[in-house]
Structures are given as structure tokens and as C-alpha cells.
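Chemist: So that we are looking at the same thing, I have put the structure below in C-alpha cells.
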């Protein structure tokens, strides 16, 4: 089996029918013409934010990571492993793709520990066992994995989806594409940066050009590139016609170098 490609979905993609239609059409085209197995990893920040707003619960973030108190982890699990995951499975079904919905704890695919007590139920993801997902891929399934994990003590944890995708890529020896709302990392003039090294990222963070959630994304991509020993792409889902080329390894956004 060829080494898999993990496509991490994020941003408002899950909220946009047009975007999901474009993405799944591109996935169908890719799967028809390529043998390479695909895995989707997703968060669902926008789904969670909407739910929190509806329930009048505050959304707190620390260094770009969502603070998840004990009384909110069940709600967030429902939103990510439930609503967001099953929405993607429904789109797969609509496009005749045989998909399986998972969370990080299934088959111990990604090991999760608590990241920081101050963040509450927020997990640190580390590589786990490839057995379950490899067996699904060998049988032609598309695994769709939510970024909810579970500790060895049985505590549910909310994991940053970029970091979850990185850990799963390390588990499977997979290539990784982080799809988001932006077409890559932008410089101070709003121009896309084609390639990024750790030194350049540090410089842009110091200058305040890379901020908030993008810091988490860039650090996750740098961590992934280092861990995997291969480049990681950050790109946009907005340009559907470019997606098959992107899945083929053509750089379309910002390529993060190890």
C-alpha cells in the first residue's frame, strides 16, 4: 500500500455547503484516478462556537487553544465526534464514498494525555497504533477522524485538530496537508509565502505578522515536518480546481520545510 495522505479540514469549511461540495467532488476525482489512500482529520471550531453561543457558554482561548472545562467536554465531544463527524460522513455517502467515522481513541490510533491543567480537558496528541486505520485503508474505506481523544485513564480530551493530524501522520507514515480558510501563510503585505522554515516562522511571529490561531497552525506544521521528515502543506479549500493537484504533491499554499 502506498503511504497515505492525510487531509486536515478546518475553518468554516464545515459550515459551507458549497465548500463541502467542492471538496468532496475533488476527493471523488482524486480517488478515481489514484491508488493512494486518503484519511480525513477534522476539528470543527465553528460548530463548537455556534453551539456554545446557543447555550450561552463562554468561549475562552489561551495561546490559540480552546479552554475546555469539565462541564463543557461532553458538549464539545458531541459537536466534534457527533455533528461535525457525521456531517462529513453524510457528504461522503452523498458522493458514493465508503467512509468510516472515528475518533482518535479508536484502535488506540493516537495516544492522548492532558496538555495543561489550566486548559482543562485539552489533550496532547502522540503517535499510537496504525493497525485499525491501515486495515480500513487496505479495504478501500475513507477514515474520517475527529479530533476528540481519550486518555489511558478514560478522560475525554479535546485535541487541536492540526496537532491531532500531525500525530496521526506520524502513526501512519503519511503525508499531511492542512486545509484552512486561508491560501497559506501571508506576509505583512498580504502576499502568500511559498515556503517557510522554522527560522522564518520565528521571525514573523516576533514581528507580529503570524498571530493567534495561525501560530498554532504554523507550529503544528513545523512540528509535523520535523517529526515526519518531509514537507507539510498549508493551503486553502476555497480553490477546488487546485485540490487534485495539491493532493498530488504540487505546492499550492505554503510549504513548511523540516
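Heads up, the Cβ atoms here are built off N, Cα and C, so glycines get one too.
Got these off Swiss-Prot a minute ago, pasting:
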- 44, 45, 66, 158: substrate binding site (BINDING)
- 181, 182, 183, 184, 185, 186, 209, 210, 211: ATP binding site (BINDING)
- 8: site 'Transition state stabilizer' (SITE)
- 217: site 'Transition state stabilizer' (SITE)
Chemist: For the recorded positions 66, 217, which one has the sparsest Cβ surroundings, going by other Cβ atoms within 10 Å?
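Modeler: Relative to the other recorded positions in 66, 217, 66 has the fewest Cβ atoms within 10 Å.
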Chemist: What Cα-Cα separation, expressed in whole Å, is found between residue 183 (ATP binding site) and residue 8 (site 'Transition state stabilizer')?
Modeler: 14
Chemist: Which residues in the same chain, at least 6 apart in sequence, have a Cβ under 8 Å from the Cβ of residue 209 (ATP binding site)?
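Modeler: 186, 187, 188 - these are the non-local Cβ neighbours of residue 209 (ATP binding site), listed in sequence order.
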Chemist: In angstrom units, rounded to an integer, how far apart are the Cα atoms of residue 181 (ATP binding site) and residue 217 (site 'Transition state stabilizer')?
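Modeler: Computed Cα spacing between residue 181 (ATP binding site) and residue 217 (site 'Transition state stabilizer') is 12 Å.
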Chemist: In sequence order, which residues at least six apart in the same chain have a CB under 8 Å from the CB of residue 8 (site 'Transition state stabilizer')?
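Modeler: Sequence-distant Cβ neighbours: 40, 41, 42, 161, 162, 165, 176, 177, 178, 179.
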Chemist: Please identify which of 158, 183, 211 has the densest Cβ environment, defined as other Cβ atoms within 10 Å, among these binding-site residues.
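Modeler: It comes out as 158.
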Chemist: Return the single residue from the binding-site residues list (44, 45) that has the minimum number of other CB atoms within 10 Å.
Modeler: 45
Chemist: Considering Cα atoms only, can you say which of 44, 45, 217 is the nearest neighbour of residue 185 (ATP binding site) among these recorded positions?
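Modeler: Checked the recorded positions 44, 45, 217; minimum Cα distance to residue 185 (ATP binding site) goes to 217.
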Chemist: Would you mind pulling the longest C-alpha to C-alpha span across 181, 182, 183, 184, 185, 186, 209, 210, 211, which the record has binding ATP, in angstrom?
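Modeler: Overall maximum Cα spacing for these binding residues reaches 17 Å.
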Chemist: Inside 8 A of the center formed by the CB atoms of 44, 45, 66, 158, which other residues of the chain have their CB, for the recorded substrate site?
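Modeler: Filtered neighbour residues, in order: 43, 48, 76, 79, 80, 147, 160, 161.
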Chemist: Using a 10 Å radius around its CB, how many other CB atoms surround residue 185 (ATP binding site)?
Modeler: 23
Chemist: Roughly how many Å lie between the Cα atoms of residue 158 (substrate binding site) and residue 217 (site 'Transition state stabilizer'), rounded to a whole value?
Modeler: 16
Chemist: Measuring Cα to Cα, how far is residue 217 (site 'Transition state stabilizer') from residue 211 (ATP binding site) in Å?
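Modeler: Distance (Cα to Cα, whole Å): 10 Å.
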Chemist: Please report the three-state DSSP label of residue 183 (ATP binding site).
Modeler: coil
